[in-house]
Protein chains: 2
Amino acid sequence: MKTKLIILLWLVVFSSTAFGAANKADTMLVEKQHFTTKDFTTVSGVTLEQVDIGWESYGKLNANKDNVILITHYFSGTSHAAGKYKADDALPGYWDAIIGPGKAIDTNKYYVISSDTLVNANWHDPNVITTGPASTNPKTGKPYGLDFPVVTITDFVNVQKRLLDSLGITKLHAVMGASMGSFQALEWATRYPDKVERLIHVIGAATMDAWTVAALEKWALPIRLDKNWQQGNYYGKERPLDGLAATMLNITQDAMHPIIYNASFPDFNVLDEGALKDIRTLPKLNQVLAQRAMARAKTQDANHVLYLVRASQLFTAGMQSDLTTALKNVSAKTLLLPATNDLLLRPENMRTVFDTMKAAGKDVEISEIEGGWGHLDGLFSIAPKAQLISEFLEE
Amino acid sequence: MKTKLIILLWLVVFSSTAFGAANKADTMLVEKQHFTTKDFTTVSGVTLEQVDIGWESYGKLNANKDNVILITHYFSGTSHAAGKYKADDALPGYWDAIIGPGKAIDTNKYYVISSDTLVNANWHDPNVITTGPASTNPKTGKPYGLDFPVVTITDFVNVQKRLLDSLGITKLHAVMGASMGSFQALEWATRYPDKVERLIHVIGAATMDAWTVAALEKWALPIRLDKNWQQGNYYGKERPLDGLAATMLNITQDAMHPIIYNASFPDFNVLDEGALKDIRTLPKLNQVLAQRAMARAKTQDANHVLYLVRASQLFTAGMQSDLTTALKNVSAKTLLLPATNDLLLRPENMRTVFDTMKAAGKDVEISEIEGGWGHLDGLFSIAPKAQLISEFLEE
């Protein structure tokens, strides 16, 4: 892979908008929309007076409203799965390589819809609309902070369901998501099996194991250690950006693999005079990474990240402790796309899910995404699966 | 593997002494010794008036002083490679399975010696003697703090050389180390090729790549974020234990693999009522891990950990930027023992080192340690390599 492309993709890793191989001359322009719903009760049993989320769509809803494909976004992602908001945006949405007119998810045929989740991390991104601890608590007129209820993947799905209900959509031709998006997609297929005809589950998991619950805590710990975090009461004061930047470093590395990571730094030299002379001077590599992470941190809200960590840690398909039983609920035709080099949500777990679903007589297939990005291959190396996805959607 | 054994080994993971399969009735008792040297100049160009380190030995030095095997310790380790200090110690040294009378490294034949490194992490372990930022700076009468010079793997080796010189030992039958101990062992073989006859390099690396330099920073960041860290000036004040405990969590997980990690928590349940009800309540699993990590943190000095991170980040065999050239210096017969499931120092890098040394005509062999511990297989799953090691030492 060319160094220039790798550098571009690294920009993406630290960017709040994401990426797709934009090789079409005509850009698909998309518009961010605002959805409001009232009296939303979370799985944790709290009723929120009002929930606001952003959403966008590509293609046209047909008269029968049966050509809908829902895209659910990953941990650091937003609703921006494809297209551009403005023609001169630096980058299109993250799966632009497979979503658009004539592409694998053909917007001439399908109505593709995607929404920001609850507690979306990118609070300071002007294109993101979400409800979470940084939102105003109507009871106090101040940000919720940690009084915001814990929300789960099920809650993300239930908000999406309200959005779809508001549009009169009662059936999904398919639901597709990567990483934390795969959790939502599977939750849809488990909880609302009669509404989901096809499930495409990318670089994901079906349940959290002890290893992953422990690993995810690495994304929360630096935030809680930051002296500015103040038990989440930092609104209107200095933000816990140092801790949040450390979290960004951890997320980025966990989402990658040494192959492309190392290729990204062709000038890396382990002999670093500054770092040798003074413990206070970081190695040059770590200085560069810290700068990128800080830029990324500025677009995010620290508490929102804590809530996303918790939602992920509590995820298990159908919120049932027995995965095998939960998976029996799925009636959607299923395509599992783990990444061979994924170090975060490891492919062997999805091979087990495949075996479990197969044994239960489900219509399931699995195909591994190859690449050197690791977990991020689910975003950056999806193009070779275009034909497989296209055929899966047509069958 | 039995749950009880796994739990015992987890205690080890969070213990400052380490572990070996203590299946011999007669315990080898060992005594910690104290070595002092003056006017030690570091690679970074600073002369320390005095350096103190602890050491211990097993077996007897022969008249020709040519039966010496040096064991170099890993990041969180100490000189305690085998035996017990007292008969009723809970655990013997970490490689007790292979060091002792009649074992792979037969102390009836060899004189085995091991020392604490500079900036050893276990400052509050009464059995550890080391010099680092927590030591008193003779110029000020106060702890060095961050005024302590950056030290490198080469400095660790040069202190060991002074210890051996003081004992009249000029040749090593072998040097063997795991992880950061492998860095020292290889540094010995690269820098003092005429003194090292055999090299056993376990779960290690020959140079740091960008991936690992970035990953190691995860072990430093939580410490620097702790409000008590105070730029390293916490001596006599509250210690940065929260940050240090977060570092311990990161180190432990990086050193493990999902196979045994998940098997270690057979009662793990992703559905966690407390964690669902309040963001301030950690999932039960994370509470348990946090307690263990805090107990471990109390035995360590935070600044020492920062210096160990830096020494590791700057490591490259022979402190040369070109690894191939550096490896050409090695004349020792070499045995490389990476662990197949190592997620921290990945075995593929050692396969490349093997190929490079083979191409340079070196006497090198490689054998992978199998197991479900990950990086820790280099400590916990070494027993099946006993015969290989024994034969390698005799040839």
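In case you wondered, yes, glycine gets a Cβ from its N, Cα and C as well.
TrEMBL annotations: computationally assigned, not manually curated.
If you look up TrEMBL, you'll see A:1-20 marked as signal peptide.
For A:152-350, the entry in TrEMBL reads domain 'AB hydrolase-1'.
Taken from TrEMBL, the feature active site, nucleophile covers A:Ser179. Taking all protein chains in view, 27 other C-beta atoms sit within 10 angstroms of the C-beta of A:Ser179 (active site, nucleophile).
According to TrEMBL, the active site annotation covers A:Asp342 (among others). Classification of A:Asp342 (active site) by DSSP places it in coil, neither helical nor stranded. Within 10 Å of the Cβ of A:Asp342 (active site) there are 26 other Cβ atoms, across all protein chains.
For A:His375 (active site), the same-chain residues 6+ apart in sequence whose C-beta sits under 8 angstroms from its C-beta are A:Ser179, A:Ile203, A:Asp254, A:Ala255, A:Met256, A:His257, A:Ala339, A:Asp342, A:Leu343, A:Leu344, A:Leu345. Secondary structure at A:His375 (active site), taken from DSSP and collapsed to helix, strand or coil, is helix. Taken from TrEMBL, the feature active site covers A:His375 (among others).
If you take every residue in the domain 'AB hydrolase-1' (A:152-350) and average the pLDDT, you get 97. A:Ser179 (active site, nucleophile) falls outside any helix or strand according to DSSP and counts as coil.
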